[in-house]
Amino acid sequence: MAGSEGPNASSPTQQPSKKYDTTIFLSGPTQSDLQRNAELEKFLIDSRLYESTDEAAKRVEVLGRIDRIVKDWVKQLTSQRGYTDQMVEDANAVIFTFGSYCLGVHGPGADIDTLCVGPSYVNREEDFFIILHDMLAEMEEVTELQPVPDAHVPVMKFKLRGISIDLLYASISLLVVPEDLDISHESVLFDVDEQTVRSLNGCRVADQILKLVPNVEHFRTTLRCLKFWAKRRGVYSNVTGFLGGVNWAILVARICQLYPNAIPSMLVSRFFRVYTQWRWPNPVTLCSIEENELGFPTWDPRKNPRDRFHHMPIITPAYPCMNSSYNVSISTLRVMTEQFHHGNRICEEIELNKTQWSALFEPYLFFEAYKNYLQVDIVAADSDDLLAWKGWVESRFRQLTLKIERDTNGMLQCHPYPKEYVDTSKPCPHCAFFMGLQRKEGVRGQEGQQFDIRGTVDEFRQEINMYMFWKPGMDIYVCHVRRKQLPPFVFPDGYKRPRPLRHASQQDERNDEDAGGSGSGSAERHIKRKIDPKTEDVGPIKQVKQTAISPSRTGSVSPSNNAGRSGGTPDISFSNGNRLECWATGDADKNSDVRLPVRQLKSEKDSMGDMRVVEDVMHESITRNECTSMLVSEFPRVRNEVKP
């Protein structure tokens, strides 16, 4: 099995296979850096970020089992299709790993990203997603089997002996796949479609990253640390519009290139120092972007208009070079930038011995950060249906952020939170996601101004209803809640805890937000003292009479106990900013006769004109010069660092 050794595949002394041109800082660690590094590594161990020897051995066994399954599957298909006995004997499929396991930064309970490479006559649509799926479904050791054939990168998710597996498939232009296939060689891309290229690129990118960093072990420790930080601060989720594993890996690898002699404690600090100054949308690259005679499109704003609209380009190092962070929106980039500044302030305090590493990893208090939230409740008839339905809704959740940005001309900022919450008191399987809402910072709203996003939510609802595997009982409810109305299941102990004393740097963040007009945290009290109540961001909520969706909705169960939430569309309006609807979608919605008015500001409607592609609306303000500047990787140069 190729790639099963994943974390041990590369040596720390491995040299880059490609050249990169950049400003290099060659300073090494001081005695204080060594001390802080020891403290950081101890913190990571105490936080149980490393798996046990037994779990590591179990992962190897599971990968070996998957390898045997796919080999038997290909041989079975070869025999059924009338190939010769020799062909059946030679028939083969190979398993590769990528992602955190391949990079050597996975932790306890993490899933394993795997790729099955098969011969040209075994296809993805029928052979992989139907025949192999059915084989897996019959195995008692396989649970939570979930095919996602319509994903950007088609994947089959399941658990094998309790280990979570994400399995991709790539059919290459060979009749027999050799066991020692070199997936990093560009010949594997010959005569394959773009979905196959995307499936192959996970392994190819991971392989290149490990070759392009000067010290693999320092890279791994730093990446493990920053992934943990990103999860604690709520910015680790590619599907929600933040960054996923490969994005963080490339960002960290770039810092390792800039500081080749730095140890992990230094690299963590430099990570925040660099990316608080980074001039997005200038791209982060690990090597030059190369063309190839195979002709696959690569990231190039000069040739591809859509590439000009990417907010935070993080370019993969393997051909064809792509932007791995195309999901990032204006709102999520704003959130990540704030978190980079927060991390930088903490690291500065650590270097001054004013605080400990634990302060860097304090969880983000999302439910204290905003005064208004969208609550998206997802329900289904049973847990299996909920798993599939939730995956679909979560994959579209990013679109709701983009649509709100579009329909409010960026004046209403969104913060989707990449964590799901479960209300165990509900009579049906349930989970919920939340999105923080606030007026654009630094912009004072006019008295009486309203943002009406009912039509936006309705458009989102219609897209959700396009789910081709919809079943009775699958419903989604979207509702506005104020901070004081948040349901108790979002708090760890089932109740709202008292507001804790904040760390000094967190208080600085709140003070900055006060100056910018944010409606979060302590800024709320500040605003109430200095702003007339009539022009406050959010006023009282007025519930109006419930309207029934349709008679067939009467049997559905609402995920909330609030009046007017069950199967209805009560109008929820709040002054000087937003008007929202509580929507319920499902089978009944498709035949509903209810038509609710959508009021938009005349100026907003006139400025939007005809409905356009989301990216065109979101980025129309980018000038031609700005698009051109994206080609230049402008690193904010600090020739001689002031701090070690």
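A Cβ is built for glycine as well, from the same backbone N, Cα and C atoms used for every other residue.
What TrEMBL lists as ATP binding site is F98, G99, S100, D111, I112, D113, D166, K227, Y236, G245, V246. Taking the Cβ of Y236 (ATP binding site) as centre and 10 Å as the limit, one finds 21 other Cβ atoms among all the protein chains shown.
A sphere of 10 angstroms centred on the C-beta of D113 (Mg(2+) 1 binding site) encloses 26 other C-beta atoms. According to TrEMBL, the feature Mg(2+) 1 binding site maps to D111, D113.
Neighbour count (other Cβ atoms within 10 Å of the Cβ, all protein chains): 16 for D111 (Mg(2+) 1 binding site). Here TrEMBL flags D111, D113, D166 as Mg(2+) 2 binding site.
Marked as compositional bias 'Polar residues' by TrEMBL: 7-17 (among others).
Per TrEMBL, the feature compositional bias 'Basic and acidic residues' maps to 530-539.
The compositional bias 'Polar residues' feature in TrEMBL is assigned to 544-564 (among others).
The domain 'Poly(A) polymerase nucleotidyltransferase' annotation in TrEMBL covers 24-213. The average pLDDT the prediction assigns to the domain 'Poly(A) polymerase nucleotidyltransferase' (24-213) is 95.
The feature domain 'Poly(A) polymerase central' is assigned by TrEMBL to 218-362.
TrEMBL lists 1-25 (among others) with the feature region 'Disordered'.
Among the features that TrEMBL reports, region 'Disordered' is placed at 490-575 (among others).
In this structure the C-alpha atoms belonging to S100 (ATP binding site) and D111 (Mg(2+) 1 binding site) are separated by 9 Å. If you check the binding-site residues F98, D166, Y236, V246 against D111 (Mg(2+) 1 binding site), the ones with a Cα inside 10 Å of its Cα are D166. The separation of D113 (Mg(2+) 1 binding site) from Y236 (ATP binding site), Cα to Cα, is 17 Å. For D166 (ATP binding site), the same-chain residues that are 6 or more apart in sequence and have a Cβ closer than 8 Å to its Cβ are G99, D111, I112, D113, T114, V155, M156, K157. The DSSP breakdown of the domain 'Poly(A) polymerase central' (218-362), given as helix, strand and coil counts, is 73 helix, 6 strand, 66 coil. Among the record's ATP binders, F98, G99, S100, D111, I112, D113, D166, K227, Y236, G245, V246, no two C-alpha atoms are more than 19 Å apart, and one pair sits at exactly that spread.
Taking the Cβ of I112 (ATP binding site) as centre and 10 Å as the limit, one finds 24 other Cβ atoms among all the protein chains shown. In sequence order, G99, G202, V205, A206, T316, S324 are the residues near V246 (ATP binding site), counting only same-chain partners six or more apart with C-beta under 8 A.
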